[in-house]
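Chemist: Starting off with a structure, shown below.
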Amino acid sequence: MPNASSWSASSPLLLLWEDSSGTRIFLSLLYAVLAISGTLSNVMVIYLVFSFKKLQTTSNAFIVNGCAADLSVCALWMPQEAVLGLLPPNSSSLRSAEYRLLRGGLLGLGLTVSLASHLLVAFNRYVLITKLPSVYQALYQRRHTGCMIGLSWALALLPVPLLPGLWTLGSAQSDGSSRYTALLLALAVLGQTALLLHCYLGIVRRVRGSAKRVSVLNFPLLHQLPFPAAPPPPRRAQRRLSSVSVLLLCCVFLLGTQPLVWVSLLGFFLRPAPPALQAASWLLLCSLSALNPLLYTWRSEEFRRAARSVLPRGEGPAAAPRPSAAA
């Protein structure tokens with residue numbers, strides 16, 4: 001039986017193996033719902049960007065990169081966890097080190113690239129709003145954008161040597177490796193969060209200080225910002241809505257990432273958090289993979305217009321034209 005220090009590494013469903021069947025079934029259903037909704041939303045965003053030329057912008061390239069990473073979590077990792085939660089705790093599938101390593105690789109790869117994509121989108125928007133157009137055009141050429149996306153995947157492959165220690169059961173050495181890996185994860189997410197908040201709060205300050213600066217920019221990327229689309233509201237309302245949209249995005253991101261950060265830090269420096277708190281922190285982080293497409297598209301009129309053009313409208317058959325009255 002895994003102890004508390006190795007709990008987060010050994011449990012396939014983010015649960016203790018002795019948990020009740022009712023709890024395991026509930027989390028299996030939760031994983032299934034997240035897997036279906038997250039897969040559909042991520043595939044929809046990718047399809048819309050590739051199908052509509054107006055959506056093929058630099059910002060959306062980073063969003064699509066994040067959606068592809070989130071599919072690794074929603075379409076590949078979550079369905080396996082949903083099925084494994086219905087198996088007996090002593091099933092051989094749960095104890096296979098190779099299979100745990102595979103699932104850990106899918107989860108780690110997807111979450112790492114997804115978090116990197118969050119930062120790339122935030123920095124892209126920060127440069128657009130706070131720097132001169134010439135600086136933005138020089139930095140975000142097609143070749144540079146491709147290098148940034150490739151670098152996000154390359155960095156995600158670096159922690160691969162840490163996975164065996166993270167997913168090996170039972171030994172004191174593996175427990176220590178798990179603790180240090182959790183600390184490394186917490187510090188990485190904390191640093192990424194600080195950079196993301198710096199970018200978005202810089203955007204808020206610039207928008208509040210000069211709404212005119214945003215309105216005069218003539219970039220297709222401007223439609224992908226979490227700001228109201230045209231026609232713009234009055235300047236004071238525009239500043240208020242822009243700030244609320246950015247702060248809401250930041251709050252959702254913080255709610256998904258920070259519980260795991262502080263649970264990991266607590267477990268490393270003091271003592272492991274209760275299993276229920278660990279499970280909740282992991283579930284919040286994984287649920288971001290299903291929510292990310294909505295976070296970046298819900299305020300975009302271009303995305304809404306493209307979605308309305310491909311989704312069925314639910315209208316009934318048109319009524320047949322009435323014959324004209326005889327003269």
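Quick reminder: no glycine exception, Cβ is built from N, Cα and C everywhere.
Predicted automatically and left uncurated, TrEMBL annotations should be read as such.
This is the feature table in TrEMBL:
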type: TRANSMEM; residues: 25-50; note: transmembrane segment
type: DOMAIN; residues: 41-296; note: domain 'G-protein coupled receptors family 1 profile'
type: TRANSMEM; residues: 62-80; note: transmembrane segment
type: TRANSMEM; residues: 100-123; note: transmembrane segment
type: TRANSMEM; residues: 144-162; note: transmembrane segment
type: TRANSMEM; residues: 182-203; note: transmembrane segment
type: TRANSMEM; residues: 244-270; note: transmembrane segment
type: TRANSMEM; residues: 276-298; note: transmembrane segment
Chemist: In the same chain, who gets a Cβ under 8 Å from the transmembrane segment (62-80) while lying at least 6 residues past its ends?
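Modeler: Residues 31-32, 34-35, 38-39, 42-43, 45-46, 49-50, 103, 106-107, 109-114, 117-118, 120-121, 124, 145, 148-149, 152, 156, 224, 286, 289-290, 292-293, 296-297 contact the transmembrane segment (62-80) from elsewhere in the chain.
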Chemist: Mean pLDDT across the domain 'G-protein coupled receptors family 1 profile' (41-296), rounded to an integer, is what?
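Modeler: Mean pLDDT across the domain 'G-protein coupled receptors family 1 profile' (41-296) comes out at 77.
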